[in-house]
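Quick look at what TrEMBL lists:
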type	residues	note
DOMAIN	34-540	domain 'Neutral/alkaline non-lysosomal ceramidase N-terminal'
BINDING	His126, His235, Glu470, Tyr512	Zn(2+) binding site
ACT_SITE	Ser282	active site, nucleophile
DOMAIN	545-713	domain 'Neutral/alkaline non-lysosomal ceramidase C-terminal'
Amino acid sequence: MWKWSENSRKIGLRALQDIIHPSASGSSPTQTTYSIGLGKYDCTGPVGGVPMMGYAQTNQTTHGIHQRLYARAFIIHDTVTDKRLALVNMDVAMLGAGVKRYALLKLRDLYGDLYTDENLLLLGTHSHSGPAGFLQYVLYQITSLGLVEQTFNAMVNAIVGAVARAHASLQPGTISVGFGHVYNASINRSPSAYLNNPHSERAMYESNVDTLMTLLRFDSTSGTPLGLINFFAVHGTSMNNTNELVSGDNKGYAAYLMEKEMAAKNPHFLAGFMNSNLGDVSPNINGPKCLDTGLPCDLITSTCNGRNELCIARGPGWEIGDFESTRIIGERQYLVASHLFQSTNISVHGSLDFRLKYVDMSSVSLQVDNRTVTTCKAAMGYSFAAGTTDGVGAFNFVQGDNGTINHPFWNVVKRFVTRNPSQEQKECHYPKPILLDTGEDNSPYAWQPAIVDIQIVKIGNVVVLGVPAEFTTMAGRRCTNAIKKTLLRDNVLNAADGIVLLAGPANSYSSYVTTLEEYQTQRYEGASTIFGPHSLSAYISQLNALAASLVPGTPIIEKGEPIPDLIPKAIRLQPGVLYDAVPIGKTFGQVKNDVPDDLKVFPGRGPSPIKAVFWAGHPRNDLMTEGTYMAVERLQESDGRWVLYRCDNDWDTRFRWYATGATILGWSLATLEWDVGAAVEPGIYRLVYYGFHKQFGSGKITPHQGTSKNFTVMAISSS
């Protein structure tokens, strides 16, 4: 079992000492009472045969569940001004403009104009282990074969469901803030790019990643803990690109642990583990190593003897597997959050406010160092195709390609994918060598966005910047510092307890944003900064304008032309379920491989996992939203009833589904697994499978279920 290292103990000792601005000590302004509501809804989506979103691997498809994905909504209502905010954190890679648009349409049907694009902020935890097919631009649809309606609808419905539950639970409450460091949970995956930032700037910080977690605690005025949200930057890539089970990754597990801890005090307690400037931040803290030699990869190109596919970053549990790495990184975030929840020391006070603007980021003109510069139409560089050390790309691309590497073959092939970039486009993106000229190609529709949405929400003395991209560590620092300076200047915040946080990716998605200096190195993040070298300056300029408009009496900035709706014209090539079948003599839900007869299990000692295999229907026949494909049931001795003990959302269960035999046969199998941990109660148990099958010809979908043999979990003597 993994144990704390001496460095890890910092989490429990020095690292958990609260970090507040020196001037925040002493008397605190009166805490404001808001109306607060929290709600949670399942957004798991299709768990069988759909490509996953994040690694862009066409062969990484969903084949079951490790943990379900959820939308968690936090509504804050200022009863004095009658303004309200809805923050929704989702266990997904990112959000799409179409998802927000269609969720708002449904919310309008329910609540009129209470929830709008301006006061609804959507955030993704950035898990790379959820179903794809929910973004509206061509580039992001390639690996999912276009839009996958089941994924899209699951996300839309989850936002609406979570907000509806939060709306129904509104009650008087208060908010407080705490700060602490999460050490040994993240590293910079592009350290050579970070080193290109000015030495004087780097000297201001202890690390090349942000280790600070900021936590907001929600309590009812009656003293019941309602929930929390926190912001900590790290990629959702503890589960690697060979994983095929849906998972919320490290942040999903952290939320699971926190909600279990608080369930006794409030069974509806919600924990939103939100992301921030994660662009160059990896959870694979053992660093990139060469698979063939075990030695560190090349610092600049992330290659091993010139080959990028041999350079893979390792998580802390790599010798056991990515589940263990996910557990460790998730647990480290949870431990800090749990401590901070008990020690928040800054009151949230003041009014709510919000601003949103749609910006055409392909043509922003601004002054930088006394000269006029512009952003560019979207384009991806060669190093984008190299992938990252968390998940490498294919072929012979490497990171750090600033145009000095010759690619004669790909220089020809790329012309068949997108148009050849204009000279103006090449000069605008310099020194990025353009692989995909996405901003100048609209066939069959836009490949990447031009218009994006930026958002600021003010919760009293806490301001959150919602950005539609993955900002790198230093890019996020520059952005929050600049906006805080504006807010302090205009007395929107005060120096004693004003807090500015960056949240992303938020609302929609437009790849990455680096600093100008990082962009020059053309690592993966720079190659994926789609609007060119001055993207960060443009974002800061636009956010500053929004921040200035928060001053009372200042005219509201025009929102601008909204993001176009491309969902109606989206390609849909992902095949559906034709029919299900089982071999002659078998029935759906029948056990194929059962647990052994008279099985006796010793908790924490084995045999484990307990496993049973059933003849199944395709899980896309019913997404089992708010339900489960599997259950571990325990026999209740008092009345002989079977009661639910575990479901497919629990950390120690796994639901696996695979087609078997020739495709035309329509056969498939479901495997249920349960790790019997040391804390499991003794008793009699069984595994139960729930599924649906689609009949040949009629297309009728019918439920079925199957049950394993009983097995006994033994009591372990304390002697």
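Backbone N, Cα and C define each Cβ position, glycine as well.
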Identify, in sequence order, the residues in the chain of Glu470 (Zn(2+) binding site) that are 6 or more apart from it along the sequence and have a CB within less than 8 Å of its CB; answer 'none' if there are none.
His126, Leu278, Gly279, Gly504, Pro505, Ser511, Tyr512, Val513, Glu525
For the recorded Zn(2+) site, enumerate neighbouring residues of the same chain (Cβ within 8 Å of the Cβ centroid of His126, His235, Glu470, Tyr512, site residues themselves excluded), in sequence order.
Asn275, Leu278, Gly279, Val281, Gly504, Pro505
Run through the Cβ atoms and count how many others sit within 10 Å of the one on His126 (Zn(2+) binding site).
27
Nearest-integer angstrom distance between the alpha carbons (Cα) of Ser282 (active site, nucleophile) and His235 (Zn(2+) binding site):
5
Determine the Cβ neighbour count for His235 (Zn(2+) binding site): the number of other Cβ atoms within 10 Å of its Cβ.
29
Mean pLDDT over the domain 'Neutral/alkaline non-lysosomal ceramidase C-terminal' (545-713): what is the value?
96
Neighbour count (Cβ, 10 Å) for Tyr512 (Zn(2+) binding site):
26
Indicate whether His235 (Zn(2+) binding site) is helix, strand or coil by DSSP.
coil
